[in-house]
Amino acid sequence: MEHFRGTTILSVRRQEQVVIGGDGQVSMNNIVMKGNARKVRRLFHNQVIAGFAGGTADAFTLFERFEAKLEKHQGNLTRAAVELAKDWRSDRSLRRLEALLAVADHKASYVISGNGDVIEPEYGLIAIGSGGPYAQAAARALLENTDFSARVIVEKALSIAADICIYTNTHLTVEELSG
């Protein structure tokens with residue numbers, strides 16, 4: 001079976017702003033299947049932003065489950081993330097899903113992994129997907145050495161990742177929340 005792979009999702013938190021951005025490329029082995037996929041979206045009445053890396057169908061399943069958890073817990077990001085992770089670990093059908101979610105609201109940011117882990121990032125920075133290490137390095141350098149806004153850092157770091165990672169392109173979707 002052919003596997004869809006590759007993407008880059010980056011989240012940066014700076015001052016009263018949190019931004020998640022992602023590229024638009026969907027690849028199957030060495031073929032670009034789509035260049036303008038939307039892997040970042042707003043959830044729960046525009047109070048939460050989220051991005052995914054991994055299998056597209058798997059990620060949409062997780063988005064739906066995560067949004068249901070947000071509704072159930074009235075937008076409490078931490079509780080929704082932990083409850084989704086519990087389900088992910090205990091539900092056999094979910095355990096087979098291959099995706100990572102990066103989620104954020106005004107207060108917190110998390111990576112929710114396929115192992116059922118909920119990870120709060122260091123430095124207010126999340127980078128997942130095939131181009132994640134490149135985007136993370138670029139974003140960290142920009143965070144430490146410039147006064148750029150979180151949005152500018154996300155855009156520049158994703159552009160750098162796209163120059164390096166063959167599974168990442170420059171068709172970006174960027175969402176932000178400001179406090």
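Using the three backbone atoms N, Cα and C, a Cβ is placed for every residue, glycine included.
Annotation comment: Swiss-Prot describes Thr7 as active site. The secondary structure of Thr7 (active site), as reduced to three states from DSSP, is coil rather than helix or strand. Other Cβ atoms within 10 Å of the Cβ of Thr7 (active site), summed over all protein chains shown, number 30.
If you look up Swiss-Prot, you'll see Ala162, Cys165, Thr168 marked as Na(+) binding site. On its own chain, Ala162 (Na(+) binding site) has Thr8, Asp23, Gly131, Thr168, Asn169, Thr170 as residues at least 6 apart in sequence with a Cβ closer than 8 Å to its own Cβ. DSSP assigns Ala162 (Na(+) binding site) to a helix.
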Cβ contacts of Cys165 (Na(+) binding site) (under 8 Å, same chain, 6 or more positions away): Gly6, Thr8, Ser130, Gly131, Tyr134
